[in-house]
Amino acid sequence: MENTIVIKLGGVASDNLTEGFFRQITEWQAANKKIVLVHGGGHYITKMMEALAIPVETKNGLRVTNKATLEVTKMVLIGQVQPAITTAFQKRNISVIGLNASDTGLLEADRLSDTDLGLVGKITKVKTNLIEQLLSENIITVIAPLGINSEHDWLNVNADTAACEVASALHAEALYLLTDVPGVKNGSEIIGEIATAEIEKLQSTGVIKGGMIPKLASAAFAAENGVGQVIITDSLNNSGTKIKNKVAIG
């Protein structure tokens, strides 16, 4: 959709919900932009798992998910994080609604081939009809990063991946991947632009690692699949790192 902006909120979503964030949202709405949010919640999921004495394990920046971890993830994302986000919008009289994969089968997913990750999936289809209907009524949609497979089983989905799939399905003009750092760093320096063709080299040389690996892979997918621009940053008001489609920089 033209004029659609997708924003992925970081794992500590409340850190992103500053007054500057809401000012930018209202400015975009005044300019007839349509806003979709996909939220993470990793920080809160980890805290709940620790409180319940459930071991926390990650692999290549993704959470290893067994049945207990999946139940905690669903509970925290849908029951804690998402309502906190929608309430913050409602306090500012901004129309908003929270959605998850069970709403009209919003996010279809298949389990990843890496069985070591457990019940972790990849989005295979985004049913955009409901999102588009809500956006046409100027209602911001807030989506939890979970998927449901063909057997109607829930799967944990990386929030960056989910945001990129949603942005691509909507042909968004921009995707902001908000995180806890102001962009992709090489040492202490923020990299202004990265071509998708350069990402593999940056990974092999250790410039990107940990959670930034799946984040950049997702950003590259979005840049190559119909999203106008992809920005990794800690704030809607900062320039961050732009991910460009294929063409090498410099």
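Including glycine, each Cβ sits where the backbone N, Cα and C put it.
Keep in mind the model is a prediction, meaning the values are calculated, not measured.
Residues annotated as site 'Transition state stabilizer' in Swiss-Prot: Lys8, Lys215. Sequence annotations record features per position, and here Swiss-Prot assigns substrate binding site to Gly41, Gly42, Arg63, Asn156.
Where Swiss-Prot records a feature, it is marked here on the structure.
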residue: Lys8; record: site 'Transition state stabilizer'; DSSP (3 states): strand
residue: Gly41; record: substrate binding site; DSSP (3 states): coil
residue: Arg63; record: substrate binding site; DSSP (3 states): strand
residue: Asn156; record: substrate binding site; DSSP (3 states): strand
residue: Lys215; record: site 'Transition state stabilizer'; DSSP (3 states): helix
Cβ-based isolation winner (fewest other Cβ atoms within 10 Å) among the recorded positions Lys8, Arg63, Lys215: Arg63
Cα distance (Å, whole number) from Lys215 (site 'Transition state stabilizer') to Arg63 (substrate binding site): 13
Lys8 (site 'Transition state stabilizer') and Gly41 (substrate binding site), distance between Cα atoms, whole Å: 11
Fewest Cβ neighbours within 10 Å, where candidates are the binding-site residues Gly41, Gly42, Asn156: Gly42
Distance from Gly42 (substrate binding site) back to Lys8 (site 'Transition state stabilizer'), taken between C-alpha atoms, in Å: 13
Integer Å distance between the CA atoms belonging to Asn156 (substrate binding site) and Lys215 (site 'Transition state stabilizer'): 16
For substrate: widest Cα to Cα gap among Gly41, Gly42, Arg63, Asn156 in Å: 12
